[in-house]
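Per TrEMBL, these features apply:
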SIGNAL    1-19  signal peptide
DOMAIN    19-168  domain 'FAS1'
DOMAIN    181-320  domain 'FAS1'
REGION    330-366  region 'Disordered'
COMPBIAS  353-364  compositional bias 'Acidic residues'
Amino acid sequence: MELRILILAVVFLSTATNAHNITRILAKHPDFSTFNHYLTTTHLAAEINRRRTITVCAVDNAAMNDLLAKHYSLYTIKNILSLHIFADYFGAKKLHQITKGSTTTSSLFQATGEAAGTSGYVNITDMKGGKVGFSPVDSDSDQPMATYVKSVEEMPYNISVIQISNILTSPEAEAPTAGPTDLNLTSLLAKQGCEAFSDLITAQNAEDTFAQSVEEGLTIFCPSDQTLKSFMPRYKNLTADGKTSLLLYHGVPVYNSLGMLRSSNGLMNTLATDGANKFDFTVQNDGEDVKLQTKVVTATIRGTLIDEDPLAVYKIDKVLLPRELFKAAPAAPGPKSARSRAREEADAPGPAADDEAPADEDSSNDGGRIFGGGGILALSVSLILGLLV
């Protein structure tokens, strides 16, 4: 027992040691509040927290203001900030002891496949006077090199947060990037096998609600065309508001990769959630499957159609039915417990006891009954013999 407790304690401490949260780390340093905000807005914070070995090159609010003054789209800002996140650990000591004085490391911009060719790699150089310089491999030579300022927080070989002097620049990262709101969402859904669902969204004029939610993150659960076809008779019986609510019920105003869904079981609000009208459902793992449980039906994710942060679309095998619009199916009677079966057996009538024997049956305890069935037969035989004699 003591050994088991010790093992659990070691596992717990190991998990706690490996866990990090970049938002909480930077929240302790007001000078990085703008950088911290945009890590969250671009969903890079979640990617940083997910990785076990990472280095974050933070810049102060003044440097972020210089970046924001260029009026890049949010998606271009995401690419630029991705350059500031290295898929390796570089603490202060390692930065000043770089072998041969220079090394090249991969940034998150390269690791996620967003960058072309060698773009997304960053050169780190240990320079004279104890300075360390950072320069993307495709940056313009006339751009000032960012330099190491200080260590903000280090969790050795897990996460290192350092401050650098200015924003890392890269033509590839700064190239204009079309955001999902620039796309025709319903057309995109139709091309990915959700044509029937897309047509219903258009018919109910709900496409704007979905499209406007993409920028902040959106997850859509799309019933297959065949599933919707069999559901249409019930759909047509809904009011116009009911139809709109049902469609919005299939959207969650947060980006969720499949891995995030597997690791964040529990209640989820939807685009249809409105105060007392909860319109929520529960995400629950079932082995490798991810199930969506309403009070009326349970659907299973059958495939990933789109997974490009901030938009994810999954195909499901059933229409999600909210309890606000549909009645829950009656619960099937569960198996009886052993105690219930024993109680029923005890209450059931057993075989008749001797003193409960019916009046037309013989009994060994007749106590004064003169004639049973056998006595009548014996008397009849005696009378016949007497007459014959």
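In case you wondered, yes, glycine gets a Cβ from its N, Cα and C as well.
Those TrEMBL annotations? Automatic predictions, nothing curated.
When pLDDT is averaged over the domain 'FAS1' (181-320), the result is 90.
Per DSSP, the domain 'FAS1' (19-168) is made up of 56 helix, 40 strand, 54 coil. Helix, strand and coil residue tallies for the domain 'FAS1' (181-320), in that order: 53 helix, 41 strand, 46 coil [DSSP].
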